[in-house]
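S.K.: Found this in TrEMBL, in case it helps:
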- 81, 85, 88: [4Fe-4S] cluster binding site (BINDING)
- 193: S-adenosyl-L-methionine binding site (BINDING)
- 67-294: domain 'Radical SAM core' (DOMAIN)
Ligand code: V47
């Protein structure tokens, strides 16, 4: 770990053997916004150390040596889904083998099971079930709030909100308001995939389109619900699609400021309809983090989600633009159904070790990035 604060460190000069990066490096050093073409150039560059150096410069300007993590638990109430996305191995059609839907008591019990460490966040996402009423999801949230009043509930992607609104014959603002009233505190970033229509038609053609995802996010932010934003990469998208995705997120963020964290998600092909696509490589994984950090100048946080890219890659990413590695998770289903070989959860101490050995300073956060202090089984959030 460096003993110097980020400001006091000697300023090394930028070095690269890729001349196309030089004008971008000047912009980054001056704190200027990067363009669409800059984004494509960054993706095309083979000099990952130079791209990573720039991303790290921005990351240290914003966060110094701090690296954020949380103690969270995932809950996936059902895997029954009408969407049949080609990218997904988790969702199943109603009546198919391997489907499950948790009874409310079971979901509340699941929430309290697992590690004894006091959890600060429930992350809830699931399939688009054709029959479960909206009130099932609201009862789920209300029951969690009653049983775990201190735990932040980050629930339902923009895709689930749009689906629940349509089924319940409600507008998006009405649906979001009822979610808020039930106890939803913020929203996860899933379902964004890649916004470009050409790609969406191939990987998730029954989902809301990119414009609807962005509009729903905007509405949520305007109603005081913060959210994350994801990008699924490593399937049929190209560099231009990725940059287009990042710029669309950046434009919404300019308007609302409601995104907390950008999370690139590596595509896991096993057991999906796109199983012929090879898994992402380390170079691609690290580049998503670095380019995301450089293009999304109005996002505070870039998360390298250890479940997706492995704890080892997430740790390296802390030197390539990432400032967050997500949390304990406890029980991950979506990527494990698609062949992920990472553990389903990690202990707090393991996350702290990953961060410390990367030369960063672990900062336990709640979902809104406030400091968490804890004794064994309880926690306090600094407000
Ligand atoms: O939207 C589904 C992705 C997402 C696969 O907000 C797949 O903090 C890879 O959004 N291979 C859901 N990815 C998960 C999600 C998330 C995860 C962690 C943190 C946060 C956050 C959000 O999972 C989906 C989709 O993009 N997904 N199938 C697959 N085979």
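Quick reminder: no glycine exception, Cβ is built from N, Cα and C everywhere.
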S.K.: Whole-number answer please: how many Å between the C-alpha atoms of residue 88 ([4Fe-4S] cluster binding site) and residue 193 (S-adenosyl-L-methionine binding site)?
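M.R.: The Cα atom of residue 88 ([4Fe-4S] cluster binding site) is 11 Å away from the Cα atom of residue 193 (S-adenosyl-L-methionine binding site).
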S.K.: Of all the binding-site residues given, 81, 85, 88, which residue's CB has the most CB neighbours within 10 A?
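M.R.: Top count of Cβ atoms within 10 Å goes to 88.
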S.K.: Could you tell me which three-state DSSP class residue 193 (S-adenosyl-L-methionine binding site) falls into?
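M.R.: Where residue 193 (S-adenosyl-L-methionine binding site) sits, the three-state DSSP reduction gives coil.
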S.K.: Residues near the [4Fe-4S] cluster site, 81, 85, 88 excluded, by Cβ within 8 Å of the Cβ center?
M.R.: 83, 84, 87, 90, 91, 127, 128, 204
S.K.: Any idea what the Cα distance is from residue 85 ([4Fe-4S] cluster binding site) over to residue 193 (S-adenosyl-L-methionine binding site), rounded to a whole Å?
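M.R.: Counting only the Cα atoms, the answer is 11 Å.
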S.K.: Would you mind reading off the Cα separation of residue 193 (S-adenosyl-L-methionine binding site) from residue 81 ([4Fe-4S] cluster binding site), to the nearest angstrom?
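M.R.: Cα-Cα distance, residue 193 (S-adenosyl-L-methionine binding site) to residue 81 ([4Fe-4S] cluster binding site): 17 Å.
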S.K.: Across the domain 'Radical SAM core' (67-294), what does the pLDDT come to on average, as a whole number?
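M.R.: Here the predicted model's pLDDT, averaged over the domain 'Radical SAM core' (67-294), is 96.
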